[in-house]
């Protein structure tokens, strides 16, 4: 394995302190590089503009069985399609690491579950989440009832959909969230 | 704080720019206006960050919900403005200190990355977490945590007690031959070595060796136990605060659907199974909703009767096992009195009968308890788990208390030689036999059950990993070790080796024989309960036994560092008397005689703590009321927001009539007008389905507020 100093300049390394995966840039960089060795140069000191397509990201062993892998890639990518630069990649694993605080994780989890990107989790978003999690094996009625129950339980300001604050309030009452919203790499 | 506004800013940027130009023009705003708004918010944030110290600043930037490029921008701006501020006062020393702190930070980063690389079992735990989920992983983390306690204990004891003793008695070797049986019975060859209390001697009387073994022994063990206690209380309090205080006691659908999916599962089969489990649980909770919970009175009385019966039966089983163990202990003592030949192999082997029976009871009776719980019918599955845990803890602790009672009352008076070494050997045997029974239990509980479940009776299926039983087993073994520290200072070494081997055994058994758990339970709350159990009956019990031994019991006359004293604590009193002569340490002697020895001091201390507890309890009550009030306030704010938005929309509908004359239906339909424009929907492709009625803008309330402000400015200009 090469030295951290040969991949990044010291200024770049300092700049990466803004992420929560701050001490693992070298390991994460090598994971990124191994996804497409011919596309990703080993020397990032000149800040090359390299973007890996979603298919490569989605084939990583940590993500390939995750039902939300497409949403995760879309949320963290710059272009919104799932094609990630190295910064996006580091961002993703920083937010999903164990050191990220609860608010940050809640924010990104909210964005992942918000399928239509309108800043609210409405009933259709909940239905899509439910279908991804149960392999479409619940009946229409059951899906509808579960989504209604979810909104009933967690909608604080009674507007029929979950805003970020409602979602965060629910997360505060679920202490397991910090350990389940976590991808080990 | 700037954070909430920055969140809106992030969504504003991503929501508008892809296809928003056309729509923006329609409502009279240009892209520049939006950009200006974003820039001004950014500048506010930078101003806020500049006032913080460097470390707080880095932490605040880390916690911002933005992509890395934006965070780097913010960081550069903050650094630029900080250095421009300092530009006027730039001196050589300020520059140097800046460089030093930077290099220190880089050094710290390097060190912690090195530390990460050598973490024990990191890869294995990732694998287990990926296949079985976080609740099974919690057992292995608990094991690792206990391993750390034992490692510290061993190092401390070895360094401060054993090494001086070995140095002191180098050259002397025990006169008994080593046979292999000692590894299990702990007696024989080990009897006179540093393994037990009896192998330590206070050498200051005989030779010039200046190491006071009495004080070393006492203070090492006391310091370690205090450290353990503090660390346990800290973990327990932190875990309690995180997992119990804020959490909702009922597990509803919302939590199950949105918060409980385990993102770290990487095995396809495990993911499929987890999806099945979730589906089953959701169906169950839906059917529960539809069922009515009213039972007639006779049913209720019957349930109550069954509960009472099962409790009586479990208490009876526990009492019966305690009585059996007590009689066995008495029998053992009588055997010692009767026996003439101390080196007899058969007699040594018969000492193994007691640990064998204890471990057998610990293995079999919990199985009977789980059978009993199948007879009872609990409406809440979590409550059922609590009851099972309570009964198991009660059983284990009552067995331990009978053993302690036997040691403290009967052994001290009836054993002719070193009674502390005898107790140490008993504990050693209990620990070793417990290990064998853990392997046994794993073999029967998991391996054989899988064979039966897959070949003979497929209805049973593959077993799950029983977390509760295994964790309680670990807690029991740790209690034995903590009790044994005083009587056998090297017992933590045995426990360390045992835990190390147990990790690998359990891992192999888990991978081959078990399936992931069906119910995704509240793993975090169970963690808190296990830590609390480790503290309350386990550590506190061990500490009280050791304290009682030290304070009240007479050490044996023929062996050990405390020979000849009335109680072990007398060593400290004698030492204090000796130092009273030296005038420099009179303050220490004063502290000892007026604070540690006087009861009035502790009485006053307890009184002060009670008052503080009452005070904090009142604060908690006040905060609870505040939370209720704030929740009501949130609901009211939501209603206000909806009302005001509606008003704003109707007002703007009226003022922009040429665009939307045909679409003035009501508040919900204002946003839909943009979706009917085909050129707009081309630009906005990500995620939104055309047939859904969702607003295209990220934050329509903010857009409308900006519009309203723009209109108000225009009206001002007109006047």
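Cβ atoms are placed via backbone N, Cα and C, with glycine included.
Within the listed segments B:582-599, B:600-617, B:618-635, TrEMBL records transmembrane segment for the stretch B:600-617. Note on TrEMBL: of B:260-280, B:281-301, B:428-448, the range annotated with the feature transmembrane segment is B:428-448. Of the given residue ranges B:120-143, B:168-191, B:456-479, B:528-551, TrEMBL assigns the label transmembrane segment to B:528-551.
Transmembrane segment is the annotation TrEMBL gives to one range among B:88-109, B:308-329, B:506-527, and that range is B:308-329. Annotation: stretch B:308-329 has the most Cβ pairs under 8 Å to the transmembrane segment (B:383-408), among B:215-234, B:308-329, B:349-371, B:428-448, B:483-505. Secondary structure of the domain 'TMC' (B:418-524), assigned with DSSP and counted as helix (H, G, I), strand (E, B) and coil, comes to 84 helix, 2 strand, 21 coil.
Between the transmembrane segment (B:308-329) and the transmembrane segment (B:349-371), the number of CB pairs under 8 angstroms, six or more residues apart, is three or more, so the stretches are in contact. Highest Cβ pair count under 8 Å relative to the transmembrane segment (B:483-505), across stretches B:145-167, B:215-234, B:349-371, B:428-448, B:600-617: B:145-167. Taking residue pairs at least 6 apart in sequence, the transmembrane segment (B:145-167) and the transmembrane segment (B:215-234) share three or more C-beta contacts under 8 angstroms. Counting same-chain residues at least six beyond the ends of the transmembrane segment (B:428-448), those with a Cβ under 8 angstroms from any Cβ of the stretch are 183-186, 190, 195, 351-352, 354-356, 358-360, 362-363, 403, 463, 465-466, 469, 473, 476-477, 480-481, 484, 488, 491, 494-495, 498, 501-502, 505-506, 509-510, 512-514. If you take every residue in the domain 'TMC' (B:418-524) and average the pLDDT, you get 88.
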